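Visitor: Annotations per TrEMBL:
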DOMAIN    A:8-68  domain 'HTH tetR-type'
DNA_BIND  A:31-50  DNA-binding region
């Protein structure tokens, strides 16, 4: 393994260990010592990649969007299906992706003022706004919808069902809450013919992700814009 | 002032000081020393009322619902107006109620596992479910709505716009986000004739609160159920 590959792998190991410790303890109570012990790396290796606990926290927060999987294109057939897939795939990944879980806790906890946790909110909002704008161009979206405003509302509301799911069920019911969110808001966003064809059934997140992986394995990367933060 | 009144006042002073410190620092970083200094009371007084920092946190969390103001009855004319007033009054109070702000931070931060922060979620959900069920009896609610499910969705989504407002604007835009939430979800909840009469204009929270205070000052307490947690 080349030296550079090893460095990338070590960085990832540290990042995942830090995310797990942040997820369990929160930012304030997390210590570099516990992260080192979890990652099984030397202090020198950690400080080669990250300057401080704050620097580590920012890297974990950023991973939430950089790690977002590329969703199939096409299918899904409608941009509105892609819109709800963003949240349903997220709910599926929250079940067992430690980096995502740590990032989400750092983003949702109010935390010390030194940590900028607005980045994921802005990134997810841009992404949702773009999908809504594309949907609008294709006639999938009701005329009164302002993509930037509706994007902010979806991202904010989603953050809340995430918090409530954590508080009352330890995250076990996040998918159910996400489905309920889309059932409540999509009638105000999508035109009826698109609304009637939305797949909001349980397991949709897992199916969309499997479909994305199948497409990626099958052929060349899609030419049109993948899911990424604009 | 009777001894009991003094004790109630001291307890309240400590609670508000603790809420302010929790709001600024979060649970982990808050110290009893800083709370004592903020409250200007002795350590003995604090421990007379509260056994520990954890006990204080639970009392602050509980205040979120116990302190909820009684909204006018009647008006508002519709139960759906009452439903949105719950969130719009909350947004107004978040501007300058230190106890509410501290309670909200403790509820939304994931925090240490010893703190039960599910109480406000369950309490607000019961309250919303009751208003929705009353609206359903009066024919204000669309037939497919399940009060308990929709109540959970509103409370969860509201928590998120609260978190996002804190993260990206230091809470300055909470009212605007709350209005956007109701604009997006009420068409899936209320029948059109009720929907068309909803007051979602900026400043509604302040107006509803002023109306409640005017009614309370003017006459005997209302006979029907006030806003309280069931």
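A Cβ is built for glycine as well, from the same backbone N, Cα and C atoms used for every other residue.
Just so you know, TrEMBL annotations never went through curation; they're auto-generated.
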Visitor: Using a Cβ-Cβ cut-off of under 8 Å, list the residues of the same chain that are 6+ residues beyond the ends of the DNA-binding region (A:31-50) and lie near it.
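Guide: 7, 10-11, 13-14, 16-18, 20-21, 25, 56, 59.
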Visitor: Could you break down the residues of the domain 'HTH tetR-type' (A:8-68) into DSSP helix, strand and coil, giving a count for each?
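Guide: Result for the domain 'HTH tetR-type' (A:8-68), in helix, strand, coil order: 51 helix, 0 strand, 10 coil.
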Visitor: Summarise the model confidence on the domain 'HTH tetR-type' (A:8-68) as a single mean pLDDT, whole number.
Guide: 91
